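To start, the structure itself, in structure tokens.
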Amino acid sequence: MICHNQQSSQPPTIKTCPGETNCYKKQWRDHRGTIIERGCGCPSVKKGVGIYCCKTDKCNR
């Protein structure tokens with residue numbers, strides 16, 4: 001699996017994730033504004049954090 005792993009508005013970067021079957025994109029708001037985090041897997045999140053998990057290479061853009 002190949003997933004994007006940059007945060008918020010940083011330039012796109014990718015990571016190869018051996019053994020993973022998902023990529024994720026998490027989004028939440030704090031005093032800095034909207035924060036976006038991308039990576040491998042499909043983590044559980046706290047209330048108030050949006051999560052999108054997908055199963056194809058680079059699908060978490």
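Just so you know, the numbers here start at 1 and follow the chain as drawn.
Placement of Cβ uses the backbone N, Cα and C atoms for every residue, glycine included.
Listed features, source Swiss-Prot:
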- CYS3-CYS23: disulfide bond (DISULFID)
- CYS17-CYS40: disulfide bond (DISULFID)
- CYS42-CYS53: disulfide bond (DISULFID)
- CYS54-CYS59: disulfide bond (DISULFID)
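Swiss-Prot feature annotations superimposed on the structure.
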| residue | record | contacts (Cβ under 8 Å, 6+ apart) |
| --- | --- | --- |
| CYS3 | disulfide bond | ILE14, LYS15, CYS17, GLU20, CYS23, TYR24, ARG38, GLY39, CYS40, ASP57, LYS58, CYS59, ASN60 |
| CYS42 | disulfide bond | ASN22, TYR24, ILE51, CYS53 |
| CYS54 | disulfide bond | ASN22, CYS23, TYR24, ASN60 |
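Cβ neighbour count within 10 Å across all protein chains ranks CYS23 highest among the disulfide-bonded residues CYS17, CYS23, CYS40, CYS53, CYS59. According to DSSP, CYS59 (disulfide bond) sits in a coil region rather than a helix or strand.
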